[in-house]
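Enquirer: Structure below; questions to follow.
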């Protein structure tokens, strides 16, 4: 054992027979971490390719909140940057909205430690929101509008060509559900969009990544997470309910959320009810067979969902 100069024992000092279980656990964690890193890089790379998110010479502004998702986004983009087929720059940006208790040092310290270019924008939107929104009402909507306008201006000032947000697969599916349940429309979060002013391109490179993977990666990397409830306001009860529903679905029916995400990319407009997407009024029989047409009276066939591990289906009678 290394006890010179009264130093504490190192990991090597404990690498005897008694330490074997801990060493095995460490190797297992390292293997799982490596597999997760490869999966994250693969899924983010697939999203970038599928939707042409990043192009030669882009300057990507990664919007950092201090949560697990934005940390994961920044980390994976930096890993991909080293081996990407195109050259692009990254700048990490945090909007400090002057919420009471916000740890101002955490993000700058982290950015410096990893050597990434960064910018902290200080804007007291917290006071504005508290002054305008009545007590007891949710502040999220106004806060997000103010934040969006400020971030667009920062992107212009920094010469950024794209803004990258940390919304993941579960966020996208939850937004679709919220709009269907409470808004009466089929609308989610697009993986790539042009802002309403026509000047900015927003990308969501984590669109294929499940939340459980960003949570696990944040745990492995020990990111200095900043809590999201400093302002005292939370997402509405509707989003809370939908997120809980999706979590339960993921436990009981593995693959359902992934299937819903795939459905968002395979929309059959002729089989919905939006007259702006299909001319139902003028639909008439032509007498010409259409191999892709509808067999109106046929029963739709779906693949059998995989059974949960450890469960056996027993037929009675």
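Glycine is treated like the rest: Cβ placed from N, Cα and C.
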Enquirer: Write down the single range among 65-70, 71-76, 77-82 that appears in Swiss-Prot as motif 'PP-loop motif'.
Expert: 65-70
Enquirer: When Swiss-Prot marks a stretch as region 'Disordered', which of 1-29, 30-58 is it?
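Expert: Checking Swiss-Prot against the ranges 1-29, 30-58, the region 'Disordered' one is 1-29.
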Enquirer: Out of 140, 143, which of the binding-site residues is least crowded by other Cβ atoms within 10 Å?
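Expert: Across 140, 143, these binding-site residues, the one with fewest Cβ atoms within 10 Å is 140.
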Enquirer: Could you give me three numbers for the motif 'PP-loop motif' (65-70), the DSSP helix, strand and coil residue counts?
Expert: 3 helix, 0 strand, 3 coil
